[in-house]
Amino acid sequence: MTATLERRESASLWSRFCDWITSTDNRLYIGWFGVLMIPLLLTATSVFIIAFIAAPPVDIDGIREPVSGSLLYGNNIISGAIVPTSAAIGLHFYPIWEAASLDEWLYNGGPYEMIVLHFLLGVCCYMGREWELSFRLGMRPWIAVAYSAPVAAATAVFLIYPIGQGSFSDGMPLGISGTFNFMIVFQAEHNILMHPFHMLGVAGVFGGSLFSAMHGSLVTSSLIRETTENESANAGYKFGQEEETYNIVAAHGYFGRLIFQYASFNNSRALHFFLAAWPVIGIWFTALGISTMAFNLNGFNFNQSVVDSQGRVINTWADIINRANLGMEVMHERNAHNFPLDLASVEAPSVNG
């Protein structure tokens with residue numbers, strides 16, 4: 001009888017724990033994805049802060065030339081970064097216990113792999129937590145779908161690209177200048193600016209910014225005033241009110257006259273779907289572009305594609321970009337190889353016709 005009561009008590013305790021985890025009455029929703037997300041993101045954040053402040057230099061290229069990334073080793077906020085795991089490690093799983101010592105683990109850039117893997121799993125759990133909370137509240141699942149765009153982008157630069165290139169040392173450094181270096185080298189090796197998927201991403205980001213500004217300014221300019229001229233129009237709004245807070249007909253009329261009638265949405269649902277879908281689809285395409293360029297399916301190459309009747313090259317902007325790419329290619333990792341890949345396999349292309 002005692003054993004039976006004990007089992008009931010433990011089951012009741014577990015049941016209360018489950019109810020607390022999945023309760024939507026908590027100030028911050030936890031959820032089952034949150035049970036995984038919280039320790040993963042705390043680990044990634046803690047290791048990032050410690051390594052950014054105090055990690056010793058990392059032999060990123062595997063040639064015994066360590067690169068400093070932390071504040072205590074001479075960097076500032078702009079130049080500092082978590083330096084990617086060494087090329088000597090490649091794609092091997094490199095936890096602390098796989099190294100002979102902590103010094104070796106730090107020298108080979110172990111913190112980068114630790115941060116990236118915990119971070120990627122953590123943001124995937126955050127996306128799952130968004131879906132889980134939407135499900136509990138009876139909402140539709142599109143918040144998590146929208147968040148999948150930045151998750152896909154992060155996964156592309158931190159995981160898919162290193163897999164395609166064969167080493168975590170090719171992943172994006174976790175710092176400002178390191179990110180710029182990653183972008184420049186990526187352009188040199190893959191001609192990303194000439195890749196149509198990157199162009200779609202640019203249209204998504206800049207177009208999304210434009211549409212967000214247009215929508216916010218139109219709504220703010222067509223608020224229904226419930227107050228006098230002597231107090232803020234915002235004071236006339238009550239959270240949860242049934243009445244609409246702005247006049248969509250007025251906003252539609254304004255924008256329809258500013259551009260033309262059919263350039264303006266007259267359906268709020270269609271408008272907000274468009275505002276969400278435009279940047280999300282653009283960033284999806286950019287992530288897909290990074291993931292294909294990871295395996296060296298690169299941007300368009302129009303070098304020396306225009307010639308005169310005598311066969312002489314007439315330079316275009318594509319040739320100017322190619323010249324810049326060659327310059328960036330020969331300057332990066334200049335001690336890691338005798339010749340850049342573009343120049344070592346065949347005769348260098350002419351850049352002046």
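Counting starts with 1 at the first residue shown.
Any Cβ shown, glycine's included, is placed from N, Cα and C.
Positions annotated as phosphothreonine by Swiss-Prot: THR2.
Annotation comment: Swiss-Prot describes THR2 as N-acetylthreonine, evidence class sequence analysis.
Long-range contacts of the transmembrane segment (29-46) within the same chain, counting only residues at least 6 positions beyond its ends with a Cβ under 8 Å from a Cβ of the stretch, are 20-23, 114-116, 118-119, 121-123, 125-126, 128-129, 131-133, 136. Summarising the annotation, Swiss-Prot assigns transmembrane segment to 29-46 (among others) and lists sequence analysis as the type of evidence.
Swiss-Prot lists HIS118 with the feature chlorophyll a ChlzD1 binding site, giving sequence analysis as the kind of evidence. Annotation for HIS118 (chlorophyll a ChlzD1 binding site): spatial neighbours LEU40, LEU41, THR43, ALA44, VAL47, criterion Cβ-Cβ under 8 Å with sequence separation of six or more. A helical conformation is recorded for HIS118 (chlorophyll a ChlzD1 binding site) in the three-state DSSP classification.
Residues 24, 29, 31-34, 36-37, 40-41, 43-44, 47, 139, 141, 143-144, 147-148, 150-151, 154-155, 158-159 of the same chain, all 6+ positions outside the transmembrane segment (118-133), place their C-beta atoms under 8 angstroms from a C-beta of that stretch. Taken from Swiss-Prot, the feature transmembrane segment covers 118-133 (among others), and the record attributes it to sequence analysis.
Among the features that Swiss-Prot reports, pheophytin a binding site is placed at TYR126, with the record citing sequence analysis. A sphere of 10 angstroms centred on the C-beta of TYR126 (pheophytin a binding site) encloses 19 other C-beta atoms.
Per Swiss-Prot, the feature transmembrane segment maps to 142-156 (among others).
The Cβ of TYR161 (site 'Tyrosine radical intermediate') lies under 8 Å from the Cβ of ASP170, GLY171, MET172, ILE290, SER291, MET293, ALA294, each of which sits 6+ residues away along the same chain. Following the DSSP three-state reduction, the secondary structure of TYR161 (site 'Tyrosine radical intermediate') is helix. Residues annotated as site 'Tyrosine radical intermediate' in Swiss-Prot: TYR161.
Annotation comment: Swiss-Prot describes ASP170, GLU189, HIS332, GLU333, ASP342, ALA344 as [CaMn4O5] cluster binding site. Neighbours of GLU333 ([CaMn4O5] cluster binding site), defined as other CB atoms within 10 A of its CB across all chains, total 16.
Secondary structure at HIS190 (site 'Stabilizes free radical intermediate'), as computed by DSSP, is helix. The site 'Stabilizes free radical intermediate' feature in Swiss-Prot is assigned to HIS190.
Same-chain residues lying 6 or more positions outside the transmembrane segment (197-218) and placing a CB less than 8 Å from one of its CB atoms are 251, 254-255, 271, 274-275, 278-283, 285-286, 288-289, 292, 299. Summarising the annotation, Swiss-Prot assigns transmembrane segment to 197-218 (among others).
Summarising the annotation, Swiss-Prot assigns chlorophyll a PD1 binding site to HIS198. Non-local contacts of HIS198 (chlorophyll a PD1 binding site) by the CB criterion (under 8 A, 6+ apart in sequence, same chain) comprise ILE192, THR286, GLY289, GLY299. Annotation note: HIS198 (chlorophyll a PD1 binding site) sits in a helical segment as assigned by DSSP.
Positions annotated as Fe cation binding site by Swiss-Prot: HIS215, HIS272. There are 13 other Cβ atoms within 10 Å of the Cβ belonging to HIS272 (Fe cation binding site).
The quinone binding site annotation in Swiss-Prot covers HIS215, SER264, PHE265, and the record cites sequence analysis as its basis. Residue density at SER264 (quinone binding site): 18 other Cβ atoms are found within 10 A of its Cβ, drawing on all protein chains shown.
The transmembrane segment annotation in Swiss-Prot covers 274-288 (among others).
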Of all the binding-site residues here, ASP170, GLU189, which one's CB has the most other CB atoms within 10 A?
-> ASP170
Express the distance between the Cα positions of SER264 (quinone binding site) and HIS272 (Fe cation binding site) as a whole number of Å.
-> 12
Additional residues surrounding quinone, by Cβ distance to the HIS215, SER264, PHE265 centre under 8 Å | MET214, LEU218, ALA251, HIS252, PHE255, LEU271
Does HIS215 (Fe cation binding site) have same-chain partners at least 6 apart in sequence with Cβ under 8 Å from its own Cβ, and which are they?
-> LEU271, LEU275
Cβ packing number for PHE265 (quinone binding site), 10 Å threshold = 19
Please compare the recorded positions HIS190, HIS332 by how many other CB atoms fall within 10 Å of each one's CB, and tell me which has the fewest.
-> HIS332
For GLU333 ([CaMn4O5] cluster binding site), the one of TYR126, HIS190, PHE265, HIS272 that lies nearest, given that the recorded positions are compared by Cα = HIS190
